[in-house]
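Structure record follows, encoded as structure tokens.
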Amino acid sequence: MGVEGCTKCIKYLLFVFNFVFWLAGGVILGVALWLRHDPQTTNLLYLELGDRPAPNTFYVGIYILIAVGAVMMFVGFLGCYGAIQESQCLLGTFFTCLVILFACEVAAGIWGFVNKDQIAKDVKQFYDQALQQAIVDDDANNAKAVVKTFHETLNCCGSNTLMTLTTSVLKNSLCPSSGNVITNLFKEDCHGKIDELFSGKLYLIGIAAIVVAVIMIFEMILSMVLCCGIRNSSVY
């Protein structure tokens, strides 16, 4: 015997929420793949300075997002199917998966908040080391290539000190030239551009995480209410 009345409304409401959750998983998976293959981040994070690769903390986070998106799509499908079939077993499994996902999201959110500036800091240190080598050593071709890639990708020049900026503009054409010396001298520094690049992407990820967390809370409540409704309906 199927559920009736308010419980039936909850059943279809849970189905709708799960469909939205499934779509959200697809969006997160798509955004993560876009961030993974975004030309700006790819150009910078594939660089190597001698034996030292560029910091890969950002990509670790992206791979986690890809996994989360795929799991969300699976869990969303499980919830849709469990709601339509009115299966207590599937709904219980769905609820357990949601609790685990929610706990992981909270833990990841805390870690991300604590380390939100670390990614940009690591990339800036990598850039500063390459810039220093390129300025000091005329034969540091690898360092020059790294610096020029930063400058051309971000359309910036030098770090956040005027002395380094002026030196790097005048030294070995490391900065992209606009044909105007004054414009080159006052081109935005790369530290600001690096902060802008990563803070924008982290902001996007944060909004997505909050939306998903709200949906998950509603789904956990609805799945338990529906599960209880199914159990009660089978008694009568």
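Note that the numbers count up from 1, one per residue, in the order the chain is shown.
Cβ atoms here come from the backbone N, Cα and C positions, even for glycine.
Given the structure is predicted, the values throughout are model-derived calculations rather than measurements.
The disulfide partner of Cys190, as annotated in Swiss-Prot and taken from the candidates Cys156, Cys157, Cys175, is Cys156. Looking up Cys157 in Swiss-Prot gives a disulphide bond whose other cysteine, out of Cys104, Cys175, is Cys175. Swiss-Prot assigns Ser87 and Thr149 to opposite sides of the membrane.
When the alpha carbons of Cys157 (disulfide bond) and Lys116 (site 'Important for interaction with integrin') are compared, the span between them is 24 angstrom. Beyond the ends of the transmembrane segment (90-112), by six or more residues, the same chain brings 61, 64, 68, 71-72, 75, 78-79, 81-83, 202, 205-206, 209, 212-213, 216-217, 219-220, 223-224, 226-227, 230 to within a C-beta distance below 8 angstroms of the stretch. Counting residues 6+ beyond its ends, the transmembrane segment (64-84) has Cβ neighbours under 8 Å at 11-12, 14-15, 17-19, 21-33, 35-36, 90-91, 93-94, 97-98, 101, 104-105, 108, 205, 212, 219, 223, 226 in the same chain.
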